[in-house]
Amino acid sequence: MTAGIIDGKAVAARVREGLKTEVAAFHAATGIQPGLATVLVGGDPASEVYVASKRKSSVAAGMADLHQHLADDASQAEVEELLKGLAADSSVSGILLQLPVPKHLDAASLVELIPFEKDVDGLTTMSVGLLAQNKPGLRPCTPSGVIELLDSYEVPIEGANVVVIGRSELVGRPVAQLLVNRNATVTIAHSRTKNLAEVCRGADIIVAAVGVKGLITAEFVKPGATVIDVGIHRGPEGLSGDVDFAGVAEVAGLITPVPGGVGPMTIAMLLANTLRAAQLQHELAAV
Ligand code: NAD
C-alpha cells in the first residue's frame, strides 16, 4: 500500500476536544449552555442507536441533552406542535429531526419548521440557500466533515480538480457547494454520468458518495490523488465503503478507510453546528 491513511477517528476526537473547551468558554462568557434537541418519532432500531450516540456525544461536549421522543403513531400535527415549541424555546440551540420518520408523516414539511439558526442538520431550504449563496449558516454535517478531513491533512482545495460522485441532498450536492465555496473546480458525477472512470481520473480529489459498494477501483484514480469515501455498507465482514480500499490504496496519495474515515466526523460536526447555532442565536439576539 502506498497511500497515507486519513484517520477520521483521530480528527473527530481532536474536533470534539476542541469543542469541549469552546463550549465551556461560551457558557462561562454568556451564561448560555448550548442544548441539542434530538427528535425521534417511533422506535426504528437504527435511529435509536444513532440518536443515543448523538445525545451521549453532546453531553460529553458539555451541552444540554434536550431529547424528545414521540410514539410511532404520532400525528403530523403532534410532531409539528413539538417542533414549533422547540423553535420558540430559547434554551434549545439546535433541533435535529432524526430521519427517516414513520411513513405516514411528511418529513419534508416537518424539516421546514426548523428555523435556520437551529438547523444543525443543515437540510432546510433556507440552509441550502445560504450554502448556495455562500452566506453564514449551518452546513450539513457529513459534507462539513469531509472538508474538515481535507483541511486536517492539508490537502489543497483551492484550484483543485474535484470529482464528487453522487448528487444527493444529504451529501453530494452540499459537499460540492462547500468545495466550490473554497474555490475548487468541481465536477458532480452521478448515475447518468458517461465514462465515470475517465471523469474521475482527472481529479486531484475524489469524494465518493454513491451508495454502491466498491464502485471506485484503482482505474478511477490518478496516482497521488486524495480519495474520500463517504459510503457505508454493512456486510458479513463488517463495514466497507464505495471505494475498493485495497486496490485504490495502491494508487492514491491519501485515502479514508471505512470504518474510521468520514463516519466519525458526522457527529463531531453536529456538535460543532450546535455550538455555532448557540453562537448565532446569541449574535441575532444582540442585534
Ligand atoms: P443517495 O442514494 O441519496 O445518492 C446516491 C447518489 O449516487 C445519487 O445521486 C446517484 O445519482 C449516484 N449514483 C448511484 N449509482 C451510481 C453509479 N453507478 N455511478 C455514479 N453515480 C451513482 O445516497 P447518499 O445519502 O448520498 O449516501 C451515499 C452513501 O454515503 C451511502 O452509502 C450512505 O450510506 C453513505 N452515507 C454516509 C454518511 C456518513 O456519515 N459517513 C452519511 C450519509 C450517507
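Every residue, even glycine, has its Cβ placed from backbone N, Cα and C.
As the structure is a computational prediction, the values presented were derived from the model and not from experiment.
Other Cβ atoms within 10 Å of the Cβ of Gly166 (NADP(+) binding site), summed over all protein chains shown, number 23. What TrEMBL lists as NADP(+) binding site is Gly166, Arg167, Ser168, Ile232.
Feature annotation from TrEMBL assigns domain 'Tetrahydrofolate dehydrogenase/cyclohydrolase catalytic' to 6-121.
DSSP states for the domain 'Tetrahydrofolate dehydrogenase/cyclohydrolase NAD(P)-binding' (140-281), grouped as helix (H, G, I), strand (E, B) and coil, give 54 helix, 28 strand, 60 coil. Marked as domain 'Tetrahydrofolate dehydrogenase/cyclohydrolase NAD(P)-binding' by TrEMBL: 140-281.
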Tally of DSSP helical, extended and coil residues in the domain 'Tetrahydrofolate dehydrogenase/cyclohydrolase catalytic' (6-121): 60 helix, 17 strand, 39 coil
For NADP(+), whose listed binding residues are Gly166, Arg167, Ser168, Ile232, the greatest C-alpha pairwise distance in Å: 16
In the chain carrying Ser168 (NADP(+) binding site), residues 6 or more apart in sequence that have Cβ under 8 angstroms from it: Ala209
